[in-house]
Amino acid sequence: MGEFVIKMPDVGEGVAEAELVEWHVKPGDPVREDMVLAAVMTDKATVEIPSPVDGVVLWLGADIGDIVAVKAPLLRIAVAGEGEAAVEEVLPAATEPLAKAEPVVSKPVEAKPVAEAKVVEPEKPVGRPAVREPVERPLASPAVRLRAQEAGVDLRQVSATGPAGRITHDDLDQFVARGAQPVAVPAGLARKTTTEDIKITGLRRRIAEKMRLASARIPHITYVEEVDVTDLEDLRATMNAGRKPDQPKLTILPFLMRALVKTLGEQPGVNATFDDDAGVVTRYSAVHIGIATQTPSGLMVPVVRHAEARSIWDSAAELTRLSDAARNGTAAREELSGSTITITSLGALGGIVTTPIINHPEVAIVGVNKILTRPVWDGTQFIPRKIMNLSSSFDHRIVDGWDAAVFVQRIKALIETPALIFIEG
Amino acid sequence: MKEIVCKLLVIGAGPGGYICAIRAGQLGVDTVIVEMTKAGGTCLNVGCIPSKALIHAAEEFDKVRHMASHNALGITVEAPKLDLAQTIRWKDGIVGRLNSGVLGLLRKAKVKIVHGRARFRDGKTVEVETETGTQVIRAETVVIATGSEPVALPSLPFGGAVLSSTEALSLASVPKTLAVVGGGYIGLELGTAFAKMGAQVTVVEAMAQILPQYDADLVKPVAKRLNDLGVRVMTGAKAKGYAGEALEIETSSGKGERIAADKVLVTVGRKPRTEGWGLEELDLDRVGRFIRIDERCRTSMRGVYAIGDVTGEPMLAHRAMAQGEMVAEIVAGRKRTWDKRAIPAVCFTDPEIVTAGLSPDEARAQGYEVRVGLFPFNANGRAMTTQSEDGFVRAVARADTNLVLGLQAVGAGVSELSSSFSLALEMGARLEDIAGTIHAHPTRSEGLQEAALKALGHALHI
C-alpha cells in the first residue's frame, strides 16, 4: 500500500493561501481518479481539487473554513502498489506526521491512518454519491438543473436512477429530502457544508456602504471614560415620579443630549462635518443629534433637530417620536439625515466598552455603555455607586486627542453634577 | 443634464442586451439601456435578419428563373426580373418593424432607453453622448453587450468597391461580378444569394476547405450546389488587393491571378467591439481580444458583467440572448449559472447546415467510443416531393449508453430541426428516446428518427 499526499495547489493569481470551502470525501471513502475531492476558495475564485489517483482517503488535513497555505498537505490517499509514479508529491508511506505543515493549517495531527486494509473498490459505490467522469456535466434536464441551482444542490452529488445516468426530478427530491433529515449520519458532531448566499440589498446595503466609507476614510480614535451617574439617576427618578401625564418618561439620553449641547457650545470643533474630498470642515451652530436606532430591517439614525432649542422634556418627546417612526418605517427622509453628531446606545445591552464607528461625514460619536452598580472607595469606605462608561470616537484628522479628552471630561463633569446641565451660562 | 441613477445599466441593445434589459425589467429591476444606433444590434439591423430576407428573395428569384426553361413540374413563366432596390426596401421594412418591436418590448418592461454612444468613466459610471448633450448614468451593475464588428483585411480596407457584410445587405443593384473573400458562413450565405440573383461569384478562401468549422461530409452538398450555381470556389488562396476592378489573389500553387470583380465582399471574420467606449479605463481581464467572463458572465471587475459577441465564440445571437436572460436573473437576486449543454449553430447556405453538440470526430477526440447513424434525404419522401434530396441527418451517441452527444444535418430547410436537436441534448436523450418518438410523416424531421434508428442498427427506410 502506497500513500499519496495531495497538497494545496498553487491556485494562481499570486495567492499564498486559500480557504477550504468544501470536502466531497471523508476518511475511508474510496476515490477515483479525477473525482472532485474538495473545493478551495481564494478571494477571487473557487477552485475544485480533483483526485489524481484511485484509492481510499486516509486523512483530511483541514476543516471547512480553514485557511490552508499553498503546498501544505490537504489530504492523504492510500493507493495500490508503491505509489511510485506520484513523483514529488508522494511522501514515503511512513512520513512523520504533518506537524511541519504550515501553522495556518488548524488541525494537523488528527491523522488517524484508517485501516489500510480496506480494499479499493470504487466500482461499487453503494449508497455513495454516483461517481461520474469529470469532463461530463451531470446529465439532467434543464428543469431539473434549474431546480438544483435554486436549491443550491450540486448535481454531481446526486445519484441518478434515470437511463444513461440521467438525474430525474425524483432523484433530486430524494437528495433534498435526505439533506433535510440526514439518515445515515452517526451520532455526534457532523460537518456542515451548506452555505447560503444572501444578496445584500436595500437598507443593509446602505449600511454596509456607509460603514465601509466611515471605516476606510476616517482614522478613528476611541476614548473611554467612566462616569458616575448616581446623582443623575436620582434626579431622573425624581423627575419621572413627578412628571405630568403628557410628559414622556425620561431615559438617560435626554440628559446626555442636553449635556452635549452645553459642551458643544464650548467646543464647536466637535459639532462638525468634514468633507474630505474638498478639504473643508463645516462647524454648525445648531446641534442636530443623530440617534443610532435598531429597527427590524437594520441600523437607522433618526435625527433630533435643533437639540439646542429643546428642553429636556421636548428632547425626550422628540426622541421617542423619531425612534418609533424609524422602527415603523414611517420616518421621513429628512428625519434620517442631516445630523451633526451622533449618540449610540444599546441600553441594557450596552456592554462595558464599545468602539463606535463615526457617522460619516461627522467627526464625533458618543457611545453609551450600560450602568453598573460598583463599589467605589470614597476615602474611608466602599460605597455603592452607579457607574456608566462613555465610549466616544473622534475623527483624528480633525479632533486631536487632547480636545477629545477635554470634550468627554466636560460631559462627565456635567453628568456627575447634573444640576450643572440646567444652569444657564 | 440630470444624472440617471439606476440598478442595472445595459450597454448595447443587440439581442443579448435587449433580452437582458427586458428580463430585468420584468423582474422589477430598475434598468437603463444605451444604444448608439438602432435597437436590435448587428443581428437585427445588419446580420441575421436582413441576410435571411435577402437569401429568401434570391431563392424565390432563382426558383422562378429556373421555371423559365423546361422543368419537371411543367410550369411555364416569362423571363423574370429582379428589382434589387425594391427587395432592399422590403427588407428594410421588416428590419424597421422589428426595430420598433424591440423598442416596444423594452418600454413595456419599463426599461429606460438612452440613445447615444456610451463611454465608461469608471466601473459604475458611464457617460453617454446623446443628441442633447452628455448624459451621466450611474448604476450598481453594468452589463457590457457591445457586440462585434467585421474584421477588415489590411490589403482590402473597407470602402468603395470593397464591402463588409453590412454594405452588401444594402446594394442598390446586383453586381455583375462579385468576389467573396472568406468562405465562412457569412461569405457563403451572401455569395450564394448574389449568385442566385445573377451575379458571377468567386469565393476566395485561405483554408483548404470552405466552411472550415464543419466536417467535410456536411460541407459536400453545399460545395456541390455552389458548383451548380456557377460559383467558382478557390481554396488555399489569398487575397492580395483590389485594383482595376479586379481582385488580385495568390492561388494555392503560389501563382498570381486577377479575378474580375465589380464588388469585393470581405467576410474573414468578426472581432469583439472593445474599443472606443472606455474599456481601457476598466482594465478588464481578456482572453485574446475578448472580455474574460466566468460561468455567471461576471468580468474581472465586481458588478460588471459581459455578454454576447464581446465575450467570445460562438458569436451567435441566441447565445447572447441566453446569457442576457441569465444575467438579468442573477442581478435580480436569483441563483443562476451557465449550464447549457448545446448552442445550436445554423448556416443558411443552400442547402442549410445545422449542428448541435459534438461531431463524430470531436466526440472521439474527447475520448468517447461513439456510434454514428446517418440518414440521407434521398430516402425521404418529403425531400423527394420538394425536389431537394441533397443532404442527410446524422446522430452521434456514446457507444456504451447510447446517450446522444451530437446531432447534425445538411439539407433544405434543416435549420428548423435545430430545436429538436438542442432539446434532445438538453434533456439528455438517448438514441432510443429519439427513435421511440413518433415523427410526423411525411416530413424531413423523420430523418432524425431514422438517423437514431440507424445508429441503433435498425433503420427502417434504408
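Our numbering is plain: 1 for the first residue shown, then up by one each step along the chain.
The backbone N, Cα and C atoms fix where each Cβ goes, and this holds for glycine too.
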Annotated companion of B:Gly182, B:Gly183, B:Gly184, B:Tyr185, B:Ile186, B:Gly187, B:Leu188, B:Glu189, B:Gly269 at the NAD(+) site, TrEMBL, chosen from B:Glu205, B:Glu248, B:Glu250: B:Glu205
One of B:Asp62, B:Asp309 listed by TrEMBL as binding FAD at the site of B:Lys52, B:Thr146, B:Gly147, B:Ser148, B:Met315, B:Leu316, B:Ala317, B:His318: B:Asp309
Position of peak Cβ density within 10 Å, selected from the recorded positions B:Lys52, B:His318, B:His441: B:His318
Chain-internal residues near B:Leu316 (FAD binding site), provided their CB is under 8 angstroms and they sit 6+ positions away: B:Ile343, B:Ala345
Rounded distance in angstrom between the Cα atoms of B:Glu205 (NAD(+) binding site) and B:Asp309 (FAD binding site): 23
Segment confidence, the domain 'FAD/NAD(P)-binding' (B:7-324), expressed as mean pLDDT: 95
Neighbour-count leader, CB within 10 A, binding-site residues: B:Gly182, B:Gly184: B:Gly182
Sparsest-packed among the recorded positions, when each Cβ's other Cβ atoms within 10 Å are tallied, from B:Cys48, B:Ile186: B:Cys48
Binding-site residues (B:Glu205, B:Asp309), the one with most neighbouring Cβ atoms at 10 Å: B:Asp309
Cα distance (Å, whole number) from B:Gly147 (FAD binding site) to B:Gly184 (NAD(+) binding site): 19
